[in-house]
Structure formats: C-alpha cells, structure tokens
Amino acid sequence: MFQKNQKPAAIAALTLSLAVLAAGCGSSNNSGSDASGSSNSASPSPSSSASSSASPSASASSSATTASGDPVKFHFYFTGSQNVKDLWDTLIPMFEKENPNVKVDEVYIPSGTGAQPTYDRILAAKKAGKGAGDIDLYEDGINVVTQGGKDDVWQTLSTSDIANLANVNAQTMSDVSNLAIPYRSSAVLLAYNSDKVTNPPKTLDELLDWIRQHPGKFAYNDPSTGGAGSSFVQTVIYKDLPADAIHNSDPSIMSQWDAGFKTLKDLGPVVYGKGIYPKKNQGTIDLLQNGEVDMIPAWSDMILQQQSENLLSANVKMQQITPGFNGGPTYLMVNKLSDKKDAIYQFLNFVLSSEAQEVIVGKMNGFPGIELSHMSQEMQDKFKGVSDGFRTFNIGDLGTEINKRWQSDVAAQ
Amino acid sequence: MTKERKQALWGLVLVTPSFLLLLVVVVIPIVQSFIESLRNEAGGYDLSRYEWLFTDKGMRNNIWFTLKITVISCALVLLIGYALALYLRFSPGKLAGWIRRTYMIPMFIPGVIATYGLMNLLGNHGWLSRLLLPFGVTLPRIIFDEKGLIIANLWFNIPFTTMLLSSAIAGIPGSVIESARDVGAGKLGIFFRIILPLSYKTFLVALTFVFMGVIGSFTAPFLIGQNSPQMLGVAMEQVFGVFQEREQAAAIAVFTFLLCSVLGFFYIRSMAKEEAARM
C-alpha cells in the first residue's frame, strides 16, 4: 500500500518543483524588463534625491534616474582573466550601494573567447542604426580605443561630466583624445622561481640565451589565448625592428617579421615539453607553481594577486627586461550612442575616486589609473619606480595576424 | 474523405512540430553555414575555403589527427563498454554489483572539472608520477599529448556506452545463450554469433554517440591537447574566435558535419532495413 501512495506524492513534488522553476523564471524575467524599461510603473522611490549629493557632478546624477524613480540600468562589457571579473564583482556592489539610482549589468567575456566580437557588435549596431546595441560601457586595451576613435563610436569625455577625471594624468588622456579612461594598468613581466634562478635575465637577448641554456624550463602560453604569451611573442618579433614599429598597424610591416618568427620557431625544441604552449595566462602560472618550469612571462597583477592569496609560492619573483614586455593601461570607453550616459558618468566618477582606486590596487595589484599624488602615502611608496619600464604595443589587427602566423609557423612546425 | 487519407493527414499533423523544430535548429543553420563557407575572400562564391582545408599543412594535420583520435577512442570505448556490459550481465559477484552502482558517476562530473582532475592526476608532476617516483617509474608525457586526450575520451564516453549496451544485452534471452552453450559454442562463439548480432543496433547507436561526441569535443582537447595538431573543435574555435574568419570556420563546421553524416548514413540505413523487414 505504501508503495502505491508514493506515486502521487512524487508527482505532486515534481509538479511543485516545476511550478517553482517556472515562477523563478517568470520573476527574473520581470525584474529584468522592469529595470531596463522606463515605463511609468507605480511606487516612486526617494533614491533620486538621495544620490544627487554624492558627487560634484550633480547635474549628471540627478537626471540619471527615470521619472518614476526606477534605477537606470546600463550594460557594461569587459574582458580579461578571472581577476578582472573579481575586481568588478567587488566594485559594482560598492557603487550600487552608494548610488541606488543606477544599476550596472556586468557582462564578463573570458579572455580568448572573443572580445573582438563585442567591439564588432558595437560597430554593427551603430551601422545598422540600432543605437548602442545594449553595450553602453566597454573595457579594453589601446587597440580598441584607437580603432573606435577611427570608427567614431566613443564618447569624448570631459571633467565637466566626470569630476574625478581631473585626477588622471592629462598627458595620458590627451594620448587617447579624451575618448577613454585609463582606470588601471598592469604589465607583463618575467616571473621566475628564485630558488632555481639566482641571476634572472635583464635583457631580451639574455632571456633568449637563458632559454637555450635551460631546455624545457621556460614556457609561454599560446598567444591567442592570453596576453602574457602574446606579449612574449610580440616582443621577440619586434626585437630588431625600429622602436616606433610597435605603434605601426600597417600590414606592410609584416614582411619584417620573418627573423622574429624564425627565432620563435628555433626556440620550439628548448621550451617546455619541446614545444608545448599551454592555454591561457593561467596555464603557464600553474606550470611555474608545480615546478615544471622555472621561468614564464606573466601579468604582474596575476602573480601578485595569487601570491597574496597563497595560491602561488612566495619564491616566485618578477623582473622586467629591456626592451620591456607589453604593458599599459586598460581603458573604459563610453558608447557614443548610449542613452544612459548620465548613469555611466556617475559610475566612472566612482571608478576614478581614490576609494575605488585603492580597491583596484589592493585587489588586483594593478597600477592605479589616477595620478599617484591623489593616492595615500602608502600607495605612493608601493608603486615608486615599478609601474614603468613596460612598452605599449599599438599594432591593431596585426596582433591577430601574428597569432595566425604563430599557429602555422611555430605551433605546427 | 476516406479513412486512409484521414490517417495520413493526422500523421502529417503529428510530425509537423518535430519537423519544424528540426528545421529551425538543425537544417537552417546547416544551410546557412554551407552558404557562408562558400564565400571567398573577394566576396564571390567558390570552393576556396574548402581548398584551404585540404591544402594548408596545419589544417590537414588537424583533420588526420581528429580522425585518428576519434577512431582510436571509438574502438577503445566500445571494446571496454562491451566488456563491462558483459561482465555486469554474466557475473553475479559483489564486484559486479559495485561496478553497476558506480560506473555512471563520471556522467555527473562536469567536463571542465574532470579535465582539470585528469591534468592533476596525470600531469608531469601529478599525483600518479609522484606515487610512482619511489619505484623508479617515470611516466611518459600524458597531458598535452594524444594519450591524455584518449584517456579523457574514455572517461567521458564509457559510462553512457556501457549503459546502452547493458540494456541491449539484458534484452537477450538467457535461454538462447544457454542453448548455444548446450550445443557446444565457446565464449567467443557466443559473443560473435549471438550477442553481437542481437545487440548490433544498439552497438551502432553507441558508436554514433561516441563518434559524434569525440569528433565535436572541445573542453578536454582545448585544455589538454597539443597546440598542433589540434582537434577540429579547437581549430574551429580558434579560426572563428581568434582569427575572426567566419567563412573558414563555417567550412570546418560543414566538413565536420559531413564526417558525422557518413556515420549517420549507416545508422539510418540499418534502421530503414529493419523497418522494411518488419513490414
């Protein structure tokens, strides 16, 4: 008898769980459309008045709310390794707590999985006359800033909209024609196991010699899957080219790559596993940690962060070489066609506040985006002299060409 | 309206929903990819994308590599799957009971996690090599090598295959096997002349599943495969996501689809034969 009774009970439970599921879907859909829509729903909230005093740009923040008092939601796309996501997962709740009238919808695109298509989407939406294409704020490197400048998709920013922009180095801002905010920087450095390597290479030539003398003890990651490997590849390829070549995105320079690719190809048999290039920036860090290799190119912020979390042993040290590896600011760009600019400015003002910058430095171990004189004395001491030495490559689509040729010339040799 | 016509109409009405679903999620995307793959760099239409597939040295190696890994994986998975299923069917022991209870576990472990687990277990400085170190055994390279890929494929595919084959073998009446034994058939004879023919259809289903699963796999080959040659799934992602050549990626996709449809052809033919025999 008991067994017979179980059946209806099970069906009831199943129905219930299905109903809960359906309800869950329904409510999340509703909240989504409520937040993005500006329709005249009831219940006015007092948030609009509360936030206007938060920043000096009062005009921006007071008009950021919609008439009904619903928070304005904008879409923020960013890319990078997990640490970048962790950073925004910390900063955005901080911001939303202080500014209840704005909601930031973050969309994380893991590195190596197609950040370029995000830019293509912005451009496609503009060309199709579809406005911002739901990408209001975007984070990326200098290549995309320049490209977007040419395509005229970025909003010119000024201190009248974002008060804290005054904290950013004016030269850095004029380098990008005020189209983007360099909110943090980091650089690729040589990370090495100091127990095994006492005298790390100081120049690229010394590094190449070291790799040849220590077969199997150096690894760099597949350049199409992460910036550290791609920085090593680009640094080697541009080794003997004129200094200004790294700012040249003209395809004609491709004929001068041959020597560099030959060097990389010849390195194949002496790098880790006679030509194994792990996927993603983390792939080589894992090899360094478990002792399979002694030296890798890596992002300074990833090394520092993982050391502070005890994921990476303290005997890993870092060294910049000359000519320097790739490095530079990461930029935030506002889509020119976004209709939620006031809310975005409010957010950007927060990102450039010393409060948020301390989080960036503390959490990501990146170099701050604002001038050091606006940071605490402790921070000023921490970054004295270390946040330079890197070079900023600005070669546009040639980066893709390098990856393509690397795959056929170096990986598939 | 005659009764037959009514029935025929009803039949059409009933298959329409599944046909529409198939049309939207399978047929139309395939046609679109096919059209896209025909577009050359100048914007015209020709077969240059396919030509590149077979003339580029790296890509040709990728195709051979994918076929090799797929064939080896299929053979090993089916061999082990059959062995396990037979063991579970004919052994009453405790061990068989435990295997029966646990062999499905790999199906419930997410692919990425299983892959990282394999990397930690079989890597150059992994657990296995550390355990074997005191005995002076040095493992060959498994991770970042085709051996690791095949092991990963075994892990992902054996449980489901065993499950399919078990149910097929369970459907073979014990009396048939016993009577074969009575007239003097050996173990191998029973397998090849009774069990295999009677479970042939399921065998084909299992083969199809393993083949499709391996040839289209991405996670494991991306994380533990070599940089070159790559499995087609990884190469497709690279061409699509990194090199931004959508037409070329479409050509690889269509080619992969063709490889799969060869197997699909045999599968459907055997099904159709059976239907015809039944009528």
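In case you wondered, yes, glycine gets a Cβ from its N, Cα and C as well.
Annotation source TrEMBL lists domain 'ABC transmembrane type-1' at B:63-267.
Annotation source TrEMBL lists transmembrane segment at B:12-35 (among others). Listed by sequence, the residues of this chain that lie at least six past the ends of the transmembrane segment (B:12-35) yet keep a Cβ under 8 A from its Cβ atoms are 250, 253-254, 257.
Marked as transmembrane segment by TrEMBL: B:63-90 (among others). Using a Cβ-Cβ cut-off under 8 Å and counting only residues 6 or more beyond its ends in the same chain, the transmembrane segment (B:63-90) has close neighbours at 53-54, 96, 99-100, 103, 146, 149-150, 153-154, 157-158, 161-162, 164-166, 168-170, 191, 195, 203, 206-207, 210-211, 214-215, 229-232, 255, 259.
The feature transmembrane segment is assigned by TrEMBL to B:102-122 (among others).
Nonlocal intrachain contacts for the transmembrane segment (B:154-177), taken as residues 6+ away from its ends with a CB within less than 8 angstroms of a stretch CB, comprise 73, 76-78, 80-82, 84-86, 88-89, 103-107, 111, 114, 118, 190, 194-195, 198-199, 201-203, 205-206, 209-210, 213-214, 217, 220. Positions annotated as transmembrane segment by TrEMBL: B:154-177 (among others).
Feature annotation from TrEMBL assigns transmembrane segment to B:198-224 (among others).
The transmembrane segment annotation in TrEMBL covers B:249-268 (among others).
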